[in-house]
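Participant: Before we start, here is the structure in question, set down as structure tokens.
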Amino acid sequence: MLSYRHSFHAGNHADVLKHTVQSLIIEALKEKEKPFLYLDTHAGAGRYQLSGEHAERTGEYLEGIARIWQQDDLPAELEPYMNAVRHFNRGEQLRYYPGSPLIARELLREQDSLQLTELHPSDYPLLRQEFQKDSRARVARADGYQQLKAKLPPVSRRGLILIDPPYEIKTDYQAVVSGIQEGHKRFATGVYALWYPVVLRQQIKRMLRDLEETGIRNILQIELAVRPDSDQRGMTASGMIVINPPWKLEAQMNNLLPWLHSKLVPAGTGHTLVHQIVPE
Ligand code: SAM
């Protein structure tokens, strides 16, 4: 069952948080000359047209990227992310939104490499086409969780692994934990960044408990909520779990999240959170 299409959600508040964290991790990895691998297990289509039928139908980007696109007091922590978004939008108008693989493509260097997997029969060809001319990238129509066994450790022994499933099947909440466990067994020093939606808080609590029980150390949780938790349908918050976060990330997010929250949630509801759930 692959009914999820990211084109309905591209550029929403959850993407802003996810891609900001992704960009800051990539910038931190670039502080060393040595190459690294960017592995994106659930890569999506890559590029999203915000005036397209899907994005227009939900209008989610209007409460996400559109709220910060024209701000002139952007905190420094947003710069790498916003520069990548600007690259796809020459001029004033916000027309396209780059998904995680295109943000990585913008920020990675010549010596780095990308490994991208996507299963959807419509999104995979779009992704492959985006990367046709990029010799740093390998794009496969394959199961993202399998990559955590097959592609780790990278030859460079440095890497960021982004795990961003749609959670359209409940087993994703367990699959992400066992996937991380498999990856970590093979590559304990990698940076793992897992995105999660808060639809039912209990699901996230259980997922975090399962993750803590793996014994993996050095886990940071970052969350931005646009509404209070609820048992009604719909996502009220989203977050990133980062294993082996760059040392500056916690301070960067503490600095940035109040600003981001004030712009994305002008009504002031919801909350932000940066919390080391397991120490080093
Ligand atoms: N990471 C993308 C971004 O930030 O731009 C968005 C990814 S979207 C949330 C999740 C994607 O995972 C969908 O495009 C879906 O088709 C794909 N997908 C679902 N199950 C998968 C699997 N087992 N392996 C690889 N991709 C999968």
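Glycine residues also receive a Cβ, built from the backbone N, Cα and C atoms like all the rest.
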Participant: His19, Ser100, Glu118, Asp143, Gly144, Asp164 show up in TrEMBL as binding S-adenosyl-L-methionine; which entry in His42, His54, His261 does that record put in the same site?
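Facilitator: When TrEMBL describes the S-adenosyl-L-methionine site, the candidate it includes is His42.
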Participant: Just report the maximum Cα pair distance in Å for the recorded S-adenosyl-L-methionine binders His19, His42, Ser100, Glu118, Asp143, Gly144, Asp164, no decimals.
Facilitator: 22
Participant: Which chain-mates of Gly144 (S-adenosyl-L-methionine binding site) that are at least 6 residues away have a CB under 8 A from its CB, listed by sequence?
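Facilitator: Long-range Cβ contacts: Asp40, Thr41, His42, Ala43, Thr117, Glu118, Leu119, Ile163, Pro165, Gly179.
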Participant: For Asp164 (active site, proton acceptor) and Asp143 (S-adenosyl-L-methionine binding site), what Cα-Cα distance in Å is obtained after rounding to a whole number?
Facilitator: 12
Participant: Out of Glu118, Asp164, which has the highest number of nearby Cβ atoms, where nearby means within 10 Å of its Cβ, if these are the recorded positions?
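Facilitator: Counting every other Cβ within 10 Å of each candidate, the maximum falls on Glu118.
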